Ligand code: UDP
C-alpha cells in the first residue's frame, strides 16, 4: 500500500491516460506551459490524497504515425517517431510534477537508459507503493499500437482500478455533440452497450483489452476544475464504461 491510505476513495490505483492533444494550447505551442501546470496540479491533488497514480501520455500534439504515413513516411518509422513524441511529453510532465514536489519515475517501453528506466512491471508496482507517480512513455514499444492500448495494457498488468481517459469532450455521446445539438451524453455504459452502439470509446485493440480484463474506463474532460479528484472520489463526472 502507499504511505498514505485513502479509504474514502473509490479508486486507489489509477491509470491516467492523457492524450498529447490535451497538452497543446490554442496557440502554436506543442506543449502549453499553463495547460501542463494545470494538468500536473490535478495529478498532484489525487497523489496527495494517497491515490497511486500512473500516467500514460500520448504524443498526438507532436507526431502520429498515421499522419506521417499520409505524408509518405513509412508507417513503422512514423510510429517510432510517435513513440518518441510521447517521451518528450513524459519528460515535460516529470519535470513539472517534480517542481511541485511530487516524486516521479519515468518508465519507457523502448530502452533509453540515460533518460528513463525501462518498463519493469514489478518495479513500477514498487514505485506506486512508495508514493511515486509513474509516467509510462514510448507507448507499448511496438508500432501499429496506440497509447490507449498502452493504458489498457499497463492497467491490466498493474491491476489498476480504472483507466481515466482525459479528452476534450466531457464524456461519451450517442452521436457527435459537435455536429448534433440533440446529442445525449451517457453517464454510464456497459462494454456491451458501447460495442452494440459502436461508440468510439477507445481504439478496438485498447477496448477489447479493457473488456477482456474487466478494466473500467472513465472518459472525462480535464478542463473541469478538480475533475480527477472528483472522479476518484466517485462523483458523477464524464462517462463510465464498465463490465
Ligand atoms: N505509438 C505506437 N505504438 C504505441 C503507442 C504509440 O506506434 O504503443 C505511436 C503511434 O504512431 C501514435 C503515436 O505514437 O499515433 C502517438 O500516440 P497516440 O496517437 O496514442 O497519442 P495521443 O493520440 O494519445 O496523443
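The backbone N, Cα and C atoms fix where each Cβ goes, glycine too.
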Further binder of UMP named by TrEMBL next to 59, 140, 141, 142, 143, 144, 145, 146, 147, taken from the candidates 32, 79, 170, 174: 79
Whole-number Å value for how far residue 19 (ATP binding site) lies from residue 144 (UMP binding site) (Cα to Cα): 17
Binding-site residues close to ligand 1 - of 19, 60, 140, 146, 167, only those whose C-beta is under 6 Å away: 19, 60, 140, 146
Candidates 140, 142, 146 (binding-site residues) - the one closest to residue 60 (ATP binding site) by CA: 146
